[in-house]
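Novice: I have a structure here, written as structure tokens, and I will follow up with some questions on it.
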Amino acid sequence: MGQSGAVLLGRFSFDQGGESIWMSTLVQTVAFPIVFFSLFFPHPKYNSGTTDLTMHSSTHTLIMVYFLLGILLAGDNLIDTIGLLLYLPVPTYSLICASQLAFNAIFSILINAEKLTHDNTKNATKNKHMVGIWCTLGASAGYALLLCLMQLSLERVLKRETFSVVLEMQIWTSLVASCVCIVGLFSSGEGKGLEDEMRRFKAGREVYMLTLVGTALAWQICSVGVVRLIYLVSTLFSNVMSMLSLPLVPVAAVLLYHEQMEGVKIVAMLLAILGLSSYIYQNYLDETKSKETTIRATDTPETSISG
């Protein structure tokens with residue numbers, strides 16, 4: 001839901017006149033300081049390990065891991081923003097994002113698809129539309145790669161059974177990504193035009209600020225949930241859960257922004273729902289089978305003794 005809200009708020013900001021690409025990229029990570037508050041809450045169920053940063057990895061290794069993940073996160077957010085805000089309507093963007101699952105499955109095997117249609121959107125030629133499609137596909141692939149690398153880092157580098165490590169990863173990678181975006185914001189010259197952008201914002205300066213804050217909070221909620229699921233379950237499961245709200249975004253875009261939802265996209269959305277439902281049901285069957293196997297294993301010694 002955090003991802004869906006962030007996407008819709010980002011589109012709202014752009015439609016109202018918020019055209020800064022680097023600012024839209026920055027808000028995806030800049031709210032990371034609120035994660036610090038979570039470090040002060042106990043996590044007795046998962047906090048069974050040590051919190052010593054150098055217990056399993058050197059500080060130099062940790063810095064390199066967080067730096068590289070942060071650079072990848074910033075780059076992925078940038079091309080994702082370009083695809084959504086400049087060239088694609090929300091329904092098309094959301095459906096293409098479903099390709100994350102395919103990329104995630106590939107990267108999961110290596111490290112630990114979908115037919116596209118064209119829309120007649122405002123200010124977007126056919127060539128620009130293709131740029132948006134490729135940017136979104138690239139962002140989906142980059143995000144899937146990022147999740148797999150996060151899981152690899154948790155398992156091979158950090159090696160600590162504590163939820164605090166998840167929050168630390170979220171904080172430091174977001175810090176690096178935010179710094180990259182700030183540098184890009186001012187080096188590109190967009191920083192100088194922010195005052196004019198606020199003044200031109202159709203809904204007003206206050207709504208402009210509230211939209212940025214709301215988008216930043218929504219992305220942070222999404223990010224913490226994604227990283228936590230990687231820690232507790234797996235990268236693939238985390239990606240599937242983040243796709244659960246995917247069908248809601250095109251519907252909301254049609255209702256709020258009056259964007260077109262063609263028959264082919266409706267079929268694609270229904271297929272996405274079917275795929276997600278099948279995955280969840282298969283997980284349920286596997287869990288039920290695992291429990292039955294465990295029960296039989298515990299009952300077998302008692303049977304032999306009574307015999």
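Glycine is no exception: its Cβ is also placed from the backbone N, Cα and C atoms.
In TrEMBL, annotation is done automatically, which means it is predicted and not curated.
So TrEMBL has the following annotated:
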TRANSMEM  20-41  transmembrane segment
TRANSMEM  62-87  transmembrane segment
TRANSMEM  93-111  transmembrane segment
TRANSMEM  131-154  transmembrane segment
TRANSMEM  169-186  transmembrane segment
TRANSMEM  207-230  transmembrane segment
TRANSMEM  236-257  transmembrane segment
TRANSMEM  264-281  transmembrane segment
Novice: Taking the transmembrane segment (236-257) as the reference, which of 62-87, 131-154, 169-186 gives the largest number of Cβ pairs under 8 angstroms?
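Specialist: Between the stretches 62-87, 131-154, 169-186, 131-154 has the largest tally.
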Novice: So, does the transmembrane segment (169-186) come close enough to the transmembrane segment (62-87) to give 3+ Cβ pairs below 8 Å, pairs being at least 6 apart in sequence?
Specialist: yes
Novice: Most CB pairs under 8 Å with the transmembrane segment (20-41): which of 131-154, 169-186, 207-230?
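Specialist: When the Cβ pairs under 8 Å are tallied, 169-186 comes out ahead.
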